[in-house]
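Peer 1: This is the feature table in Swiss-Prot:
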- Asn11, Asn63, Gly73, Asn74, Asn158, Asn191, Glu209, Arg210, Gly219, Ser220: substrate binding site (BINDING)
Amino acid sequence: MKFYKYHALGNDYLVINPQDLKFPLTPEKIKIICHRNFGIGSDGILLGPLASTKAQFALRIFNPDGSEAEKSGNGLRIFSRYLWDMGLVDEKPFSIETAGGIVESAIKDAGKTVQVEMGKVSFWSRDIPVIGDDREVIQEKIFLDEGIFTFCAATIGNPHCVILLDDINSEVARNFGPIFEGYPLFPNRTNVQFMKVLDRSTIQIEIWERGAGYTLASGSSSSAAAATAHKLGLCDSKIIVKMPGGDILIQIKDDFHISMTDSVTKLAQGELSTEIFAIETVINI
């Protein structure tokens with residue numbers, strides 16, 4: 001089975017064309033394929049292009065734990081670059097249907113850069129979702145034994161919990177990310193961003209991704225964090241988001257529609273051996 005591997009700011013995905021699929025892509029097989037010791041290794045799988053009646057292409061996005069994601073900003077940029085590499089698109093904007101909605105993408109600089117119109121950020125509990133009264137989830141508190149955390153919740157097709165802190169690092173994300181991901185307020189679990197505002201045009205985030213764990217970069221996380229900083233009046237509408245994997249430009253329109261632009265790198269392509277499925281289950285290391 002053919003695969004194509006790309007990364008966007010260190011956030012790596014395998015692209016698999018459904019026409020090349022030789023077996024059902026079950027959650028257990030996804031776990032093995034994405035495992036960095038027993039499989040190819042990646043932050044997820046992009047299955048496409050699929051047929052769509054609503055857009056030019058459709059895409060399914062899978063997390064490394066086998067669950068399906070509604071939307072991934074870096075995944076969409078990677079898939080867009082794959083479509084370009086396969087000669088399926090040119091530099092005219094094109095549409096992609098995901099479980100989290102339809103986005104518009106455009107190839108820039110002869111394939112070096114991809115711009116994705118991510119859609120509109122909502123802070124309303126009914127959209128995210130967040131349990132409780134219908135409200136915008138802004139500056140609410142979660143009480144843990146380790147302290148009180150103030151957060152905002154948002155969705156851009158998938159759920160996010162943004163926590164503003166004075167200091168952030170990978171240890172904070174690894175220690176507290178799993179707690180917030182599965183916190184009872186979020187019935188579908190949530191992605192988590194620990195955010196520090198550097199100035200009115202720059203923020204820094206550490207990311208714990210639902211279904212993937214600690215992540216070097218995330219497009220949808222960048223979008224949610226930047227929108228939150230703008231919503232709180234801490235940043236202007238054009239924001240550089242700094243992550244361990246690199247920086248990305250987020251532009252926020254008046255109605256909180258998000259545009260995201262950065263590069264994508266092709267890493268490899270090859271044939272997946274079915275021998276990797278000899279292991280019955282993935283060992284969590």
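Don't overthink the numbers, they just go from 1 along the chain as shown.
Just so you know, glycine gets a Cβ as well, placed from its N, Cα and C.
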Peer 1: Relative to the mean position of the Cβ atoms of Asn11, Asn63, Gly73, Asn74, Asn158, Asn191, Glu209, Arg210, Gly219, Ser220, the recorded substrate site, which additional same-chain residues have Cβ within 8 Å?
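Peer 2: Surrounding the site, in chain order, are Ala69, Lys71, Ser72, Gly75, Ile207, Ala212, Thr215, Ser218, Ser221.
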Peer 1: Can you tell which of Asn11, Asn158 has the most other C-beta atoms within 10 Å, given these are the binding-site residues?
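Peer 2: The residue with the most neighbouring Cβ atoms within 10 Å is Asn11.
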Peer 1: Measure from the Cβ of Gly219 (substrate binding site) and count the other Cβ atoms within 10 Å, all protein chains considered.
Peer 2: 29
Peer 1: Count the Cβ atoms, other than its own, that fall within 10 Å of the Cβ of Glu209 (substrate binding site), considering every protein chain shown.
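Peer 2: Other Cβ atoms within 10 Å of Glu209 (substrate binding site): 29.
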Peer 1: Rounded to whole angstrom, what's the largest C-alpha distance between any two of Asn11, Asn63, Gly73, Asn74, Asn158, Asn191, Glu209, Arg210, Gly219, Ser220, listed as binding substrate?
Peer 2: 17
Peer 1: Excluding near sequence neighbours, so keeping only residues 6 or more apart in the same chain, what lies with its CB under 8 A of Gly73 (substrate binding site)?
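Peer 2: Correct list: Val116, Met118, Ser218, Gly219, Ser220, Ser221, Ser222, Ser223, Met260.
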Peer 1: Name the secondary structure element type, per DSSP in three states, that contains Asn158 (substrate binding site).
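Peer 2: It is coil.
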